[in-house]
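Engineer: Relevant sequence annotations retrieved from TrEMBL are reproduced here:
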{"type": "TRANSMEM", "residues": "A:6-27", "note": "transmembrane segment"}
{"type": "TRANSMEM", "residues": "A:96-117", "note": "transmembrane segment"}
{"type": "TRANSMEM", "residues": "A:124-145", "note": "transmembrane segment"}
{"type": "TRANSMEM", "residues": "A:151-172", "note": "transmembrane segment"}
{"type": "TRANSMEM", "residues": "A:200-222", "note": "transmembrane segment"}
{"type": "TRANSMEM", "residues": "A:242-271", "note": "transmembrane segment"}
{"type": "TRANSMEM", "residues": "A:283-301", "note": "transmembrane segment"}
{"type": "TRANSMEM", "residues": "A:313-331", "note": "transmembrane segment"}
Amino acid sequence: MFPSKLYTPLLLSLLALIVTALCALLLGRYEISIHELSTFIATLLGLSDMPAQRYDLLHSLIIEARLPRVVAAVLVGAGLSVSGAAYQGVFRNPLVSPGLLGVLSGCAFGAALGIIWHLPPLAIALVACMTGLIAVAVGLGIAHMFESPSILLLVLGGIVANALFTSLLSIAQYMADPVDQLPSIVYWLLGSLSAVDVQALWIIGPILGVAIVLLCLTGRAIDALSLSDDEALSLGVPVEQIRGGLIVLTTLICALTVSLAGMVGWIGLLIPHLARLLVGPGNTRLLPLSACLGGIFLLAADGVARSVSAGEIPLGIITELFGAIAFVLVLHRVRKGWL
Amino acid sequence: MKRLQARQLSYRIGDRLILDNVCLDIKAGDNIALLGANGAGKSTLMKLLLGLLTPHAGEVLIDGQPMGSMKRRAVARQIAYVPQSHVPSFPFSVAHIVGQGRLPNVGLSHAPSRDDQTYVQQALTDLGILHLSERPYTELSGGERQLVLIARAMVQRANIIILDEPVTGLDYGHQLRLLALLKRLAAQGISLLSSTHRPEHALASANRVLVLHEGRLIADGAPHDVIDSALMARLYQVAVEQIDTDGHRFFIPC
């Protein structure tokens, strides 16, 4: 509960995130040197000067082509990680990931629908986001059908919502045109930042950014929820309201990340554990650190995804592959903590 | 002074009456043992007194004010709860767990102050567990965890502490030290209510005994007036021989 003076890990990780993001701007088929990037940024800020033609080239490369992707990577990575950390605290279970209540399957179904209906990218993103929220609402509704919803009932409601929307997704895939639509759905489900729609990013990005910052500030509330319900209540904490609010905020973040980048797996489970290894279980520091590390991880994974081969490997494959391997290492270190 | 009053409390689950018309009041310095067989309604009564359950009839008053009309944080500043210890999922430090006892006073939106940290250090020192301060709560023994939860209740600075079977799972030494600690707290004017399955503990350390039997409060008085072989037979359906020597009372199974 007492935030110790040790904010150092947070500042370091924030610094690392910025450095990684700058490196990601350098990365791509057209090489940009560090010197060029710094001159460009200085010019952009009006501190320096460079030839107009060169400036225009760099502007289209960096600002128009690479920056949206980098911003999206940071937001999606941070969003999924901080959501995962929050869910693990709220549900008092270190094995929980953000998909617990059905938001991801809901989003996947919505995106498949959008693709079948030939909607434009922005509309697909919005439909995906909506169905993600609906899926969680269904799960919560099922939990509320019985008395006051315990964590167990919430989880069971989530299982039902997950099953329901996974089957709806299967129906959508079954009905999709196998030549044209099915591959798009499958590719979308693999997760990728290559197709980040700038228009969608303009709308979704700010909301997502604000939601992530808000969630990062709820550490003390999540700490209080990690007690049993009775204990938290007897300490004056309005458990149900806080849990409800956190679930809404987290669901919104997850739905928005999926609508930007599709299904990017494993981050929400892996990164919080990594962060907990560094700063311990206190959520006031764990949440912001998870966000930073998540951003770094996804930037790195995206860097690998686009530079390993001439074509592009879907991001979801990279995160799952590296995530799974990294998780084993984390488990090895963390073993005595909670296993 | 009546700090906590229960008026005609009834609680049912479905058609089953768990508590039937229970009336009691808790005064400053009371060190109450709550006796009753499994399923007699002890836990339900404690949860009602803590405001964790809402009675189907009757009400609970804190300093004369109906609990139902009070904010949860205001209730938490008056009554602390020491549950049976369980191992949480995450290895929070002992200082962190105890620090959460400041929540009713500090709230969720503010960071705890230096004063709050001092309370935590003070409680840990009083209980002789300051050396555990930075240890993960998950790695402690059952007895140590129980002490940590009591420390949390102490930093809550509530006048009333309700303890759910505080000695359960503790070794002999920890049990006796814990009972002595409860006596000390009561001597400082804190009101205590502990549920227990050990009549001999109630005799040795409590100054008042409440007995629940099938949802009704059947006795309320000084331990030696209430606890005898007849009560043992009625509550637990066992025959015991009662031995009184030098003001001490023992039971031997016969």
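Please read every residue number as a count from 1 along the shown chain.
Every residue, even glycine, has its Cβ placed from backbone N, Cα and C.
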Engineer: Using a Cβ cut-off of under 8 Å, list the residues of the same chain at least 6 residues beyond the transmembrane segment (A:124-145) that approach it.
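Structural biologist: For the transmembrane segment (A:124-145), the list is 101-111, 113-115, 153-154, 156-158, 160-162, 164-165, 197, 200, 204, 247, 251-252, 254-256, 258-260.
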Engineer: Under 8 Å between C-beta atoms and at least six residues away from its ends: which parts of the chain pack against the transmembrane segment (A:242-271)?
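Structural biologist: For the transmembrane segment (A:242-271), the nonlocal Cβ contacts are 72-73, 75-77, 79-87, 90, 95-99, 101, 103-104, 106-108, 111, 124-126, 128-130, 132-133, 136, 140, 188-193, 196, 200-201, 204-205, 207-208, 211-212, 214-215, 218, 221-222, 224-225, 290, 293-294, 297-298, 315-316, 319-320, 323-324, 326-327, 330.
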Engineer: Using a Cβ cut-off under 8 Å, which residues of the same chain at least 6 positions beyond either end of the transmembrane segment (A:96-117) come close to it?
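Structural biologist: Counting only partners 6 or more residues beyond its ends, the transmembrane segment (A:96-117) has Cβ contacts under 8 Å with 80, 83-84, 87-88, 123-125, 127-136, 138-140, 154-155, 157-158, 161-162, 164-166, 168-169, 172-173, 175-177, 181, 184-185, 188-189, 247, 250-251, 254-255, 258-259, 262-263, 266, 268-269.
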Engineer: Residues of the same chain, at least six outside the transmembrane segment (A:151-172), with any C-beta under 8 angstroms of its C-beta?
Structural biologist: 91-92, 99-102, 105-106, 108-109, 112-113, 116, 131, 135-136, 138-143, 185, 229
Engineer: Apart from its near flanks, which chain residues at least 6 from the ends of the transmembrane segment (A:283-301) lie with a Cβ under 8 angstroms of it?
Structural biologist: 3, 6-7, 9-10, 13-14, 16-17, 20-21, 23-24, 70, 73-82, 84-86, 89, 212, 215-220, 222-223, 226, 264, 267, 270-272, 274-276, 315, 318-319, 322
